[in-house]
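Before any comments, here is the structure.
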Amino acid sequence: IAAAQPSTDWHLKENAREHHTSKFSSEELIVRRGQAFTITFNGTERPEQNLIFIAETGPKPSKTTKTLATFDISSTVSKEGWSAVLQSSSSNSVSISISSPHNAVIGRYRLSVQSGSSSPHSLGTFVLLFNPWSSGDDVFMPNKAECEEYVLEEFGIIFAGNKNHISSFGWNFGQFQGDILNICLSIMDRSLYYRQDPITDVSHRHDPRYLGRVLSAMVNANDDQGVVLGNWSGKYEGGKNPTSWTGSGEILQSWKTSGFKPVKYGQCWVFAAVLTTVLRCLGIPTRTITNFSSAHDADGNLRVDEFYDADGNHLEKGADSVWNFHVWNESWFTRNDLGPSYSGWQVLDATPQEESGGIYQCGPASRHAIKEGEVDLDYDGPFVFAEVNADCMYWNYDSATGKKTLIFSKSTEIGASISTKAVGRDGRVDVTRDYKYEEGSAKERDIFKKARKKLGLEDKFDPTAPKQEEVEQKPDISGKFKVAGSLEVGKDLNLLLVLENLQSDAKTVNVNMTAWSTLYTRRRVNQIWKDSISVTLAPKEEKQFPIKIKYPEYQQQLTTDKTIQVTALCHVEDGIQVLVKRNITLDNPAIDIQVLGEAKVNREVFVEVAFTNPINEDVKDCVLQVEGSDLLQGILELRIPPLKASEKSSTKFKLIPSEAGPKHLLVNFSCDKFADIKTFKMVNVIN
């Protein structure tokens, strides 16, 4: 008579508590590698005698690829492989503690048991993840507070704006919500690596270095029909404006429900946030990093060239660019391939900028290697080094003759105020010193020269260019733009152009000024304003020239990035040109959230969101979007009636929190005059 099929008790609650997986809402066992979990099953004769367990993963499990393990009951946990230790047994059930090795392949496993010569019985499936709490794991993170933040925290803060004016917004990573774990597992199974050679791909899934690189490719849609399609055109028809997302969940769910079609559209912070969700979900400690004045060095010479015409217009010439900010990731794991000093934080970047190994992927690059100029170490060191360290060359370009003249160069421009969210609180932490030595110091220049040498670049800027044009002359005047008053959408923009004569004789200067609306990548979109003045500066004199750009002048031209580039190209008579420029990011007006009463698990609580129209005209098409892990399911979208000038709107809605603890509510308000006004509020939920 065939033995009854064993039924399995996975001890979901107890195992999840031990393995830091309680936040997943799953009926399936989810555990971390290198740590024991307990199961109980029945329906076997004399259970403890010659039971053999089989754990297998991937399409063709085998012992050689470490995707198949068979193990019997032993008295102690194996140091190397899988093991099973008997906990207790009765006449018809048996409790077993199963341990996986620290370097086990992660993913979904099938577990079965075989008694004697009978055929194996399936016990069911479980999911195995990385284990940052276990000292044998490549992702081990000794600091428990950091584990909480970089693996278990579902809320993040992403920094944006520009280096003169850093702003921030909240993001709902939501790595433990709904179906996200299954979506993350299917991302791995849709990569080019898996499609080309599934057996080898699965066998490498024990290695965070490998998975980090594969997932940096899969989060962007280039090459592989990955998750998010990038768009930096300023036109977002047929999809969502990248600034409108507030969390990763909606993006990952859309990717799955559309039959794995890339989600439209993303820009750098969207790629970085989605990669954070996926890696935290799988158990690799990960955070987002914002680099201000970030270089995109397309030709690999550690230098970024910018071109301007005689009117001071920034020209779209050459592939190099400098972005107001760029967001990438750091993940924490050991680098056994490079040596212990290169372990710790590793840079990964899912934004498709340059190909690496033939596809759009970037990293992992050891942050320590970047700081030391070790750009020859795997992976993508030169690109990441340039992002934080390239030199800037500013050229005047005459399109009629094709002649370019160096205006000036700057070695301290790129890679400022590199920022990430603090552990356990909502503040900003500056990590610039972890990427490079102090800007302008001899050590920093030495490292720069070392990096150039490793890349075979001569000390001279560009060995192919005629030398005389790269000789930098000393300017006769200096200039800068100062902000006078507030930088807010809906208000006039007031600036001062400050010019100073550095010489002891009078100077006549012709100044051509322009203001353009741009994307955060500094790509020009619309011209807002232009003007020219002629001034005479007495010896050593400083003069200020007020500039006012009225709200109606820029309102129609502004992009949703709310960025404006102002330039003044100063032609000094009998002297060299001086370029003065400033990138300005405007703030949206404020929006206010109040929680009305105490937030309790499974109880209704009302929230009120208030917004006052700050401009002298009506605003319409008002939409409020709300999300927050454990506070509400999915995304709540509310339409709000039009608002007259200076009118205040107040909108109420209810939440039913599902879990206790500090949770974050994210709100995004948009209308025809203001795009994506974001704010967040911490809600402390009690039982």
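For all residues, glycine too, the Cβ spot is worked out from N, Cα and C.
The structure displayed is predicted, hence computed values, not measured ones.
According to TrEMBL, the domain 'Transglutaminase-like' annotation covers 260-352. Predicted-model confidence for the domain 'Transglutaminase-like' (260-352) is 95, expressed as mean pLDDT.
Sequence-distant contacts (6 or more apart, same chain, Cβ under 8 Å) of C268 (active site) comprise W323, F325, H326, V327, W328, T351. The annotation active site is assigned in TrEMBL to C268 (among others).
For H326 (among others), the entry in TrEMBL reads active site.
Marked as active site by TrEMBL: D349 (among others).
Annotation comment: TrEMBL describes N389, D391, E439, E444 as Ca(2+) binding site. The Cβ of E444 (Ca(2+) binding site) lies under 8 Å from the Cβ of K436, Y437, E438, each on the same chain and at least six residues away in sequence.
Annotation for the recorded positions D349, D391: lowest Cβ count within 10 Å of the residue's own Cβ, D391. N389 (Ca(2+) binding site) sits 17 Å from D349 (active site), taking the C-alpha atoms as the reference points. Compute the center of the Cβ atoms of N389, D391, E439, E444, which mark the site for Ca(2+); besides them, the chain residues with Cβ within 8 Å of that center are A390, S411, T412, I414, G415, K436, G440, R445, F448. Comparing the recorded positions H326, N389, E439 on other C-beta atoms within 10 angstroms of each C-beta gives the minimum for E439.
For the pair D391 (Ca(2+) binding site) and D349 (active site), the Cα-Cα distance reads 21 Å.
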